[in-house]
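Chemist: Following this message is one structure expressed as structure tokens.
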Amino acid sequence: MSKPTPLSGFPELLPAQRAVEQQVIDTLRSTFELYGFAGIETRAVEPLDQLLRKGDTSKEVYLLRRLHETSEEGHAGMGLHFDLTVPFARYVLENAGKLEFPFRRYQIQKAWRGERPQEGRFREFAQADIDIVGRDVLPFHHDVEVTRVMVDALTRLSFLPAFRLQVNNRKLIQGFYAGLGLEDLDEVMRIVDKLDKLPVEKVHQMLVDEAGATSEQADRVLSLATIRTGDDSFVAQVRGLRVSHPLLDEGLDELAALVRGVADLTSDRVRVEADLSIARGLDYYTGTVFETRLDGYESMGSICSGGRYDALASDGKITYPGVGISLGVSRVLVPLLARTGLTASRSVPSAVLVALADEDSRPASEAVAAALRARSIPCEVAPTAAKFGKQIRVAERRGIPFVWFPQADGGHQVKDIRDGNQVDADPSVWTPSPEDLRPQVVPGA
RNA sequence: GUGGGCGUAGCUCAGCUGGUAGAGCAUCGCGUUGUGGUCGCGAGGGUCGCGGGUUCAAGUCCCGUCGCUCACCCCA
């Protein structure tokens, strides 16, 4: 068999990098749980009609098909989920009778899309989602809450570059467009969303050509979209544009409340700003919308996005409004590992390699390892009774900081191979420093 | 889906108008016979992505194909 080649869009990590990813996942999980979010996992597949509920991007869904498929459609009527929101909406409906509302959950799982891979865009990728969903009603303060949770989680990932959380509110922009007398609000929003890719003049022209705006209306739409403030001063700027509409007022109040509600979390690494150009494409958001950009990684687009949907799910009688944010774990991590060489301080969990004098004394070395493990110190015994120099090298290659030498007289010594310091030690007492106990995330060279 | 770039050792790459497959790093061994790293000496390691064609002769030229990659499109 010839050597297998990597599959484009299906990233796999070496152990040291996986350790970094694991640490990210652990941090996210513990942060989400600090705020009382319950963890769930949904199955990898959903019925096709569920997945395609929101429009025809069907090409990007991976279908399931038995090898001996005989049905007329040629597939099993199921596909891999392409995000965690659609499965969650289905899960809420399915288990509505057993859940307590408002229901807060986190979900860290893989998702799949059949897109062409690019930096930060994969066919198989991990996402971390938090959502709060209510029954019939969900007060606005939850919008502030999910924002605070995600900002907290991102802040705890101390090796991330600085980032900027951009927030907007669809009521605000839709109310503004309606107040201007525009009709096709969705189309206007879709075009304005392209501002980060296309020049202003081009967007202006599209507004006139495709959204039925007058040149003057387009000017004012663009005036709104260029407003960007780190505090609630955007309210005065919008008022200055002299458009009025009840929905606009509502959106302004909400966005101002959100910006004020997270102001205490900002720092030099974390900025939160009202950015009135953010619209989030054509999806079902109805109020708050978020995007997040990493400094130095602007080309990667948003690494963390979400918003409010007044109808996350509905069974016809009861509607379940929700608000949530989704962090692209693979999207941010894989490019960061590749570009910066970020890695873990060692490729194995072991803090100690217990040396082996000869095969006959393996039980003695295993006993040392057992004593260390009893006190939760990860360790392993040398694979062979090679010369001690080679056993030390085994540890060095893996980044294991300590080598333990059982002595012929029954005593013990432990050597820190980084400085060569070797001291007497007792396996029932000796403990490495906290930094050495677990692999640490270390910046690249 | 469209267009460009690239496939040679574990990794990074060199290889001219066609003439017996190379370097650095890494690995392994020895010097140093059971305490590593430095240094010196040595060794192993290749279907040149795959298939076909031209030729006395192809890593090199031609055709095809597969893969990777970048950009576009798209991005719930």
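Counting starts with 1 at the first residue shown.
Positions of Cβ are set from backbone N, Cα and C atoms, glycine also.
Got these off TrEMBL a minute ago, pasting:
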- A:ASP83, A:LEU84, A:THR85, A:ARG113, A:GLN127, A:ASP131, A:ARG280, A:TYR284, A:TYR285: L-histidine binding site (BINDING)
- A:102-349: domain 'Aminoacyl-transfer RNA synthetases class-II family profile' (DOMAIN)
- A:413-445: region 'Disordered' (REGION)
Chemist: Counting only other Cβ atoms and using a 10 Å cut-off, which of the binding-site residues A:THR85, A:GLN127 scores lowest?
Modeler: A:GLN127
Chemist: What is the biggest Cα to Cα gap, in Å, among A:ASP83, A:LEU84, A:THR85, A:ARG113, A:GLN127, A:ASP131, A:ARG280, A:TYR284, A:TYR285, the residues listed as binding L-histidine?
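Modeler: With A:ASP83, A:LEU84, A:THR85, A:ARG113, A:GLN127, A:ASP131, A:ARG280, A:TYR284, A:TYR285 as the binding residues for L-histidine, the largest Cα distance is 21 Å.
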Chemist: Per DSSP, to which secondary structure element type does A:ASP83 (L-histidine binding site) belong, with helix, strand and coil as the options?
Modeler: coil
Chemist: Taking 10 A as the limit, how many CB atoms besides its own sit near the CB of A:TYR285 (L-histidine binding site)?
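Modeler: That number is 22.
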Chemist: Among A:ASP83, A:ARG280, all listed as binding-site residues, which has the most CB atoms within 10 Å of its CB?
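Modeler: Sorting the candidates by Cβ neighbours within 10 Å, the top entry is A:ARG280.
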